[in-house]
Amino acid sequence: MGPGTDHLRRLPKVELHCHIEGAARPDLVQRVAARHAVDLEGLFDDAGRYRWHDFSSFIRAYDRAAGVFRTEEDFRDLAFDHFAGIAAEGAVYGEIFVSPDHAAASGLSWRAYADGLAAGIRDASAATGIEGRMIAIGVRHHGPESVLAAARLVASQPHALVTGFGLAGDERSHHPRDFAPAFRIAEEAGLGLTVHAGELDGPESVRAALDHLPVSRIGHGVRAIEDPDLVHRIAAEGIVLELCPLSNIALGLYPDVARHPARSLMATGVRITVSSDDPPYFGSSIGTEYAALARDQDFSDSELVALGRTALEAAFVDAPTRERIAASLRDW
Ligand SMILES: [Zn+2]
């Protein structure tokens, strides 16, 4: 590792968009699978990476790897591994998407699942100083009733580290208005709100989300760049985009980092952040996202730190914690 790399590694980072089951590293999945004698035949390639080639095989591999996590301790280990890992790359704060549907699929109660993940976050915090929060997500292609049930569950069982609610899954299924009742419940529960849009679907999906859901952030939203009026609206309303450049490239939205619209969006006044989405699947990590923007889009140190500052402003976290972390960004 050269001095330049080490310098970037120490630069303080803030991540807002990462699915915890999608952050499970192959070696951890193998270790946890051994606890439960789960067969992983065919899940990894010869180099030990997840084997997938398109969106549906990605989802199949994802669900299979996620399926090895079954106990509170498994989820503690998953969160610890993730937060300790991103802290080693310079992250000072991270949010993860967590899923009541995954809790149910693993046979755990929502409470046990959230407690297990929270234990991992707290252990990583004790070891490294990183802070973390969780955003409960509904799965869009499971339908509005399922997402409404997720919102009711999360609102009725508040958890200190669950501070947000969002919508993920296939954004081409259902209209945002179908999910408005779920978001209303989450909003009344005091949760921060975000929705995936403008990734696999075009700018109209971002506009529809903003028209119908009371969100302050959009997951991805990158394809808003195709509609100048929409870009203007996003900037004017102060909506923050959770960009995940390496994920977009892995899924074929853009050929390479140089041609990703991160800098173009920033130049229009849109508030952008960068995150890793599902890191081991996309060959990404919070550190490599920052390094890619530095290398291929000439982001300066101060521009990279500004990404973290924007992310922190948009984070679903209490004011004292936000202020404490902001001080570490200012001091850098
Ligand atoms: Zn995502």
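Cβ coordinates are placed from backbone N, Cα and C, and glycine is handled just like the others.
Those TrEMBL annotations? Automatic predictions, nothing curated.
Annotated features, as they stand in TrEMBL:
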type     : residues                     : note
DOMAIN   : 12-331                       : domain 'Adenosine deaminase'
BINDING  : His17, His19, His196, Asp277 : Zn(2+) binding site
ACT_SITE : Glu199                       : active site, proton donor
SITE     : His220                       : site 'Important for catalytic activity'
BINDING  : Asp278                       : substrate binding site
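Locations of recorded TrEMBL features on the structure.
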{"residue": "His17", "record": "Zn(2+) binding site", "contacts (Cβ under 8 Å, 6+ apart)": "Glu95, Phe97, Gly219, His220, Glu242, Cys244, Thr273, Ser275, Ser276, Asp277"}
{"residue": "His19", "record": "Zn(2+) binding site", "contacts (Cβ under 8 Å, 6+ apart)": "Ile96, Phe97, Ser99, Ile137, Ala168, Asp277, Asp278"}
{"residue": "His196", "record": "Zn(2+) binding site", "contacts (Cβ under 8 Å, 6+ apart)": "Arg140, Gly166, Leu167, Ala168, Gly169, Glu171, Ile218, Gly219, His220"}
{"residue": "Glu199", "record": "active site, proton donor", "contacts (Cβ under 8 Å, 6+ apart)": "Glu171, Gly219, His220, Gly221, Val222, Arg223, Asn248, Leu251, Leu253"}
For the recorded positions His220, Asp277, Asp278, which sit with their CB under 6 angstroms from an atom of ligand 1?
Asp277
Starting from the Cβ centroid of His17, His19, His196, Asp277, the recorded Zn(2+) site, name every other residue in that chain with its Cβ within 8 Å, sequence order please.
Cys18, Gly22, Phe97, Ala168, Gly219, His220, Glu242, Cys244, Ser247, Ser275, Asp278
Averaged pLDDT score, the domain 'Adenosine deaminase' (12-331)
96
Would you mind pulling the DSSP three-state label for His17 (Zn(2+) binding site)?
coil
Just checking, which of Asp277, Asp278 (binding-site residues) has the fewest C-beta atoms within 10 Å of its C-beta?
Asp278
